[in-house]
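Input: a single structure, listed below in structure tokens.
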Amino acid sequence: MNRFFGKAKPKAPPPSLTDCIGTVDSRAESIDKKISRLDAELVKYKDQIKKMREGPAKNMVKQKALRVLKQKRMYEQQRDNLAQQSFNMEQANYTIQSLKDTKTTVDAMKLGVKEMKKAYKEVKIDQIEDLQDQLEDMMEDANEIQEALGRSYGTPELDEDDLEAELDALGDELLADEDSSYLDEAASAPAIPEGVPTDTKNKDGVLVDEFGLPQIPAS
């Protein structure tokens, strides 16, 4: 059937607000160009009128200038109307885009709430409390193990009063040791020989002095 009657053309999508705004702005720009050309004509006619004398010729130029000015006013009105249309469409487009953004935000929030509910279903408060209890028990067991490993064997019990008394006495002994240390140094010094050294003989029976040299008999 399509060979005889042809295939229906697909319908073009309706223009969006953005397309309409672009079309209206383009028309407004075209009108601005026309107004600029009319301004140039008005300047030319105004110069001619200044140079001309009163009479039919001057009146004719004035009529032309008035027609141009009337056209300018009409174009300006059309331009203002198009500018208002463009502004209204931009406001509507902004409102629509804001609503779309709001819907996207709401959808994202709904999805987030759904995911949160799903996550909460997988987390049980009882399980968390059981885990906390297990961790606490394990920490207590670990502390008991450390105490058992650090236990000392055969250590006699000491009286705190005796230890404090020994500590005080130990401080006095240390001070006494520091005060008498110079006496120990003096006692350890070599003794000074007393009197004159005695005469000694070598293996040959000859008298020698303290250096082992033969003594010279006194004359």
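Glycine residues also receive a Cβ, built from the backbone N, Cα and C atoms like all the rest.
Range 188-219 is the one annotated as region 'Disordered', of 28-59, 124-155, 188-219 (source: Swiss-Prot).
Taking a C-beta cut-off of under 8 angstroms and a sequence separation of 6 or more, Ser86 (phosphoserine) has the following same-chain neighbours: Ile21, Val24, Asp25, Ala28.
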